[in-house]
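So the structure is just underneath, and the comments pick up after that.
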Amino acid sequence: MTTVIDGNEIGDQITEGVAACTDTLVSEGVTPGLATVLMSDDGASETYVSMKQRACNEIGIEGFHHQISADESAEALFSTIDELNADPAVHGILVQMPVPDHVPKRDVLERIDPMKDVDGFHPENVGRLVAGNARYKPCTPHGIQKMLAETGVVTEGKDVVVVGRSDIVGKPMANLLIQYGPGGNATTTVCHSRTDDLADKTRNADIVIAAAGVPEMIDGSMLSAGTTVIDVGINRVDADTEKGYELVGDVDFESAKEKADAITPVPGGVGPLTIAMLLYNTVKAASLQSGVDIRLP
């Protein structure tokens, strides 16, 4: 029988451990602080930011939110980041993507103090990840790594196909999977929009991680029996519902479930782990910057 992996349950377990570490820091006079910066009028981005701030508040992390009009200059955003870099009450900084077209994304990522880069996207932190000495692992790949471990899925010696090569998920996910140690030691193939015969690659995989942002691009015919399927995608598609749309992943859940040994749903799969690992990184940042030792889960 196929196991439907409950991301909410695993995320809650991790968050509970992070909350205990937050209590330890607070008892030593250190209140972890996360600053979110939104330079967009996009409703979905506003929702994501509010979810992250609410999660922080629930475990005692102080939230600081900065809203910048999408019409403002890049310098307005850079000035805000500079202020947050210098603020000792702020241990983590998250600029919600995407930013407007007139703002260079790379410059935004490089502007954040790497010690406060809790997304793990600053070039220094990317380099540390590739070198096997990560300071902050990117939240979604780290969450998937935790999810696989909690579900009892061993990656060592397994063939893993990552579908998608984004800087946010695909590339760091592949880097984590090939590294030495628990959650790594996998033989990893990265597929993308130019991959020939994607189905041939996915059928030969023990684990498929779908992160291409294409609705239901992977179905049961592209999987072998017993595969573990991790669906990172979250896509709005038109539907005959009250809202006029429904959320689907990059995997056709119903057909894939017939083949998979374990599979994540959308929503309720990877998403809760992404937020849990943001809290994890924020508390780790507070520990590193304050010198107060903690034992994260």
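Each residue's number is its place along the chain shown, starting with 1.
Positions of Cβ are set from backbone N, Cα and C atoms, glycine also.
Since this is a predicted model, take the numbers as computed values, not measurements.
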Among S193, S255, S287, S290 - the residue Swiss-Prot places in the same NADP(+) site as G164, R165, S166, I234:
S193
Longest CA-CA distance among G164, R165, S166, S193, I234, per record bound to NADP(+), angstrom:
18
Packing count at G164 (NADP(+) binding site) (other Cβ atoms within 10 Å of its Cβ):
24
So if I measure Cβ to Cβ from I234 (NADP(+) binding site) and keep only same-chain residues at least 6 apart in sequence, which ones fall under 8 Å?
L247, G249, V266, P267, G271
